[in-house]
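The signal peptide feature in TrEMBL is assigned to 1-17. Taken from TrEMBL, the feature domain 'Sulfotransferase' applies to 97-310. Per TrEMBL, the feature active site, for sulfotransferase activity maps to Lys105. Sequence annotations record features per position, and here TrEMBL assigns 3'-phosphoadenylyl sulfate binding site to Arg202, Ser210, Tyr329.
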Amino acid sequence: MHLTMFFTLLVLTTCAAVCGHSDSKLTQCSASMSAVPGEIKTQSLMQAAVSKKPNVTMVGFLTWESRKVEESNVVLPQMRTPPSCTVSPLTNACLPSFMVIGTQKCATSSLYNIISTHPQVEPAYKKELLWFNGNFEKLRCNPPDSKPDDEEFEEYLTKFPRLPSNTTALTGEFSATYMHCWCCPRAMQRLMPDLRLITQLRDPIERARSRWNEQHSWAKKITTYSSFEEYVERKLPHLEACLEKAGNSLEDKTHCAAKSNILGLSVYDSVIKLWQQHFQPNNFLVTYLEQLAKDPQSVVSSIHRHLGIADLQYPGDLLHKKYNAEGHYGWQRSLQNLQIGNSTALEKLYMFYRPHMQELKAMADAGHITPLPKSWRVRWNL
């Protein structure tokens, strides 16, 4: 009896310390911790209580634990300390401290629906603000050394909850197209230098085909091409020429990729390098949709650890019913139908992406991004 009362008090005290800004989220936090097995519950409480623990992540590189999940090979980063609040003189409130920047058609909506329920997360009032790059003809970050100015930036900050400096909560944004915005890294680093960034990637051919299906089958925006293969034959040479002309300029390469939202947004390596020119690699977390499909809790746990927030266990219906069914995204069906050797266009696409995947693998081997999923290493012969 006394042990039960003690544990209940411990749960409420820890939740109040970690999540003490919302009665509803405090209740959710307590329920979440109480619902999990004792061993995991104790671990969650310990992680929530060590917010003063020194940051163990090496500057410039990611330090990974040797914990792997057999089904999905998810490697979890070390638990970090939470980012400190940087008070903006424009609003007298904390600046956004995290940003999920992409990638389009990689289930960032799933991440939003899960992470935004965390009691320590107070996201922007709207998903997909697209504030920095909503209009590519007049980017709010171009030129990134002076745009946006103070007046514009103050208007941007009104889109977030005003968190006081003593809060344990974090606020941030989920906008999937920021990843391929060439001027966003420099502008965001100038305005919010301590941002912790998250991007989710998907097999590049699968992502491209998913975007094609969305635009061609649902939105009917592409009427000139009868098939994905025909689109690849016609459009891939333009992307290749643009990237070749860009040379070694990461900004120009990112600009090329952004102009091709079907094929170009599946180019990841040079884009991540651009972000890591302006933000330290340990502030840039990469997750993978294929792993989210098989083991969503581990992927979400890696985000918790990156942000330094309590590593809570989410209800199964939130993780699995909506976001852990591969058929929901058509992954199994599309992989079965996507026989590279039976299509000249797809062979070209495979050969186009493979050097980018090899570079991504090298970045992972160097510790600059999360290790690639096993399925990628096999499929791309890495």
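Yeah, the Cβs are placed from backbone N, Cα and C, and that goes for glycine too.
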For Arg202 (3'-phosphoadenylyl sulfate binding site), the number of other Cβ atoms found within 10 Å of its own Cβ: 24
Pairwise Cα distance for Ser210 (3'-phosphoadenylyl sulfate binding site)/the residue listed as 'active site, for sulfotransferase activity' [Å, integer]: 7
